[in-house]
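*Asks:* Sharing a structure with you now.
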Amino acid sequence: MSYSLYLAFVCLNLLAQRMCIQGNQFNVEVSRSDKLSLPGFENLTAGYNKFLRPNFGGDPVRIALTLDIASISSISESNMDYTATIYLRQRWTDPRLVFEGNKSFTLDARLVEFLWVPDTYIVESKKSFLHEVTVGNRLIRLFSNGTVLYALRITTTVTCNMDLSKYPMDTQTCKLQLESWGYDGNDVEFSWLRGNDSVRGLENLRLAQYTIQQYFTLVTVSQQETGNYTRLVLQFELRRNVLYFILETYVPSTFLVVLSWVSFWISLESVPARTCIGVTTVLSMTTLMIGSRTSLPNTNCFIKAIDVYLGICFSFVFGALLEYAVAHYSSLQQMAVKDRGPAKDSEEVNITNIINSSISSFKRKISFASIEISGDNVNYSDLTMKASDKFKFVFREKIGRIIDYFTIQNPSNVDRYSKLLFPLIFMLANVFYWAYYMYF
């Protein structure tokens, strides 16, 4: 029994050794096949100097770029910038990395540290960062002809100079510009790989307040003190969606103006009611004007379209309050005139009687025969009105007529005319406002 167990143990041991030998032979064959197909990175980079660009001292390196716009997360009018996440892909040819075969191989992103890569940066960028979750979002791919593909995922905040004079019916033009930091046009030449088709993703973006109308790519030359640099420009137009602002600002302000007209149908004697409506609408309009400016920069160089409309609405609301003040004051003046009417009539009768009695007594005392008229003793200036007194008399008469012309004879007509004029003028102001800012 023990002898049979011993033989079984020996057989199992020999079988295990045989299997190990076959496994080692298989691994050797696999490693040999890998060495035949994969370029040895150590062999490729032997004598490779990552601090020198390809074709150093010769023709410039031609770098072709493509962009994928993943998102535009925010567009800030107060800071005049936008934040975007992009996939930046750069392609160039490095003759030092040529290997046999017709395959391409993706390398670990950490091997980028051993290769030359272009020093591309984003012009007018306020801040940018490379995503690192779960690893650095970079890709390096080598082709057998020496072509290198280098891809990055970047989030950047870029300046966008905005003209807010037509806000919120405005269209903004923003740019994303790429350029080499240190290599001028003699060392590096940038180009778009497929023209406008080099940029993708913008047509699929959905923004909260904007619609992307169009975009196009440009290649320009930036002239600086250190040389001329090739610059790639992506320019896109953003048209603001005005519907949001119509519901948030324009409709409430219009309703406040219409509410202020309600006082025209209230009696002049209802002082508390009309005063309350006027003051409430003025204060509400002021609050709406202040709230509309909280999210915008303090721009002193231009007046925005929304400020113009709110100013128009505030003028009508305040005008309705002044209209009641004028109508009420005219009503009080008319009542005062009516109260003074009987007293004034009796006063005029007394004055007439006194004048008539004085004239009759004066006629009895004066005898025209006793008056000796002598040319040397008569002062004609005493017998005629002076020119200055005549001018004052005529001027006072004219002023009195003008005052009587503008004096409101019937205060109830003020409300009657206001019911027609205020809505008519407000509608005309809206027609001119929307026609100007929408089509000019």
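Just so you know, glycine gets a Cβ as well, placed from its N, Cα and C.
Okay, so Swiss-Prot annotates it like this:
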{"type": "SIGNAL", "residues": "1-23", "note": "signal peptide"}
{"type": "TOPO_DOM", "residues": "24-241", "note": "topological domain 'Extracellular'"}
{"type": "CARBOHYD", "residues": "Asn43", "note": "N-linked glycosylation site"}
{"type": "CARBOHYD", "residues": "Asn102", "note": "N-linked glycosylation site"}
{"type": "CARBOHYD", "residues": "Asn145", "note": "N-linked glycosylation site"}
{"type": "DISULFID", "residues": "Cys160-Cys174", "note": "disulfide bond"}
{"type": "CARBOHYD", "residues": "Asn196", "note": "N-linked glycosylation site"}
{"type": "CARBOHYD", "residues": "Asn228", "note": "N-linked glycosylation site"}
{"type": "TRANSMEM", "residues": "242-262", "note": "transmembrane segment"}
{"type": "TOPO_DOM", "residues": "263-270", "note": "topological domain 'Cytoplasmic'"}
{"type": "TRANSMEM", "residues": "271-290", "note": "transmembrane segment"}
{"type": "TOPO_DOM", "residues": "291-301", "note": "topological domain 'Extracellular'"}
{"type": "TRANSMEM", "residues": "302-322", "note": "transmembrane segment"}
{"type": "TOPO_DOM", "residues": "323-419", "note": "topological domain 'Cytoplasmic'"}
{"type": "TRANSMEM", "residues": "420-440", "note": "transmembrane segment"}
*Asks:* What counts of helix, strand and coil residues does DSSP assign across the topological domain 'Cytoplasmic' (263-270)?
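*Replies:* Counting residues by DSSP class gives 3 helix, 0 strand, 5 coil.
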*Asks:* Could you round the CA separation between Asn228 (N-linked glycosylation site) and Cys174 (disulfide bond) to a whole angstrom and send it over?
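*Replies:* Roughly 23 Å, rounded to the nearest whole number.
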*Asks:* Determine the most Cβ-crowded residue among the glycosylation sites Asn102, Asn196, using a 10 Å radius around each Cβ and all protein chains in the structure.
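*Replies:* Of Asn102, Asn196, the one with the most crowded Cβ is Asn196.
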*Asks:* Give me the non-local Cβ neighbours of Cys174 (disulfide bond): same chain, 6+ apart in sequence, Cβ-Cβ under 8 Å, ordered along the sequence.
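*Replies:* Correct list: Tyr82, Val158, Cys160, Gln235, Phe236, Leu238.
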*Asks:* Roughly how many Å separate the Cα of Asn102 (N-linked glycosylation site) from that of Asn145 (N-linked glycosylation site), to the nearest whole number?
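*Replies:* Between the Cα atoms of Asn102 (N-linked glycosylation site) and Asn145 (N-linked glycosylation site), the distance comes to 8 Å.
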*Asks:* Taking the Cα atoms as reference points, how far is Asn145 (N-linked glycosylation site) from Asn196 (N-linked glycosylation site) in Å?
*Replies:* 26
*Asks:* Using a Cβ cut-off of under 8 Å, list the residues of the same chain at least 6 residues beyond the topological domain 'Cytoplasmic' (263-270) that approach it.
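*Replies:* For the topological domain 'Cytoplasmic' (263-270), the list is 277-278, 320, 323-324, 327-328, 331, 411-412, 415, 418-419, 422.
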